[in-house]
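According to Swiss-Prot, the features are:
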| type | residues | note |
| --- | --- | --- |
| ACT_SITE | 47 | active site, proton acceptor |
| ACT_SITE | 58 | active site, proton acceptor |
């Protein structure tokens, strides 16, 4: 079995800039050009959202993007098809950076757990993050994912106890994903700056109780915040701000241009 792209990336000593994108948002046909633009302008990992009709844990921007994606025909099967095309260079330059699928458990288990794992790895997916799947219930699923070569990522929040941080760190295959605040995605009230004492204390606590790398998401919008998070974590995830930049686009090409320009501004 070839080594997972995420595993290879985590062996490098670099700070990561990770993109979250909802497929086919805001227009059908945008996904492959956007992936190419993100890769070209320095995205280290690309997270693709799996749209769900009731995304209760997401902020309004991602909720709207999910509903738009559904209207544009996006299903889990469609997402896997797009990943396969991206890996093969069909409709864009070949995408070689790691791809993570992020979505709620209902669509994945409706697809069929083992079928999803097999089809995900076959299409070129490297990892999965299921926010509403408690780690305690994921042990068997985690073993099956590892057997096919998929990296599984779990969430840590500011209220997570030190003991639970260690438990989550032990389960996450390559890295954990830290929520920057106890809030829905993209609606953080905290600044996210390294100078924010609450954020610093939280991420120092995570560092003390983890052996693997961790990245931070939720509410990161610009280069200054990215660099602040790089001082405290191993990577920064930018999603809501990217979707906001794309929202007014009317063609796939315009989406790609906006994605590239915005992503370049974060580096």
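Glycine is no exception: its Cβ is also placed from the backbone N, Cα and C atoms.
Within 10 Å of the C-beta atom of residue 58 (active site, proton acceptor) sit 23 other C-beta atoms, taking all shown protein chains into account. In the three-state DSSP scheme, residue 47 (active site, proton acceptor) is classed as strand.
A Cα-Cα distance of 15 Å separates residue 47 (active site, proton acceptor) from residue 58 (active site, proton acceptor).
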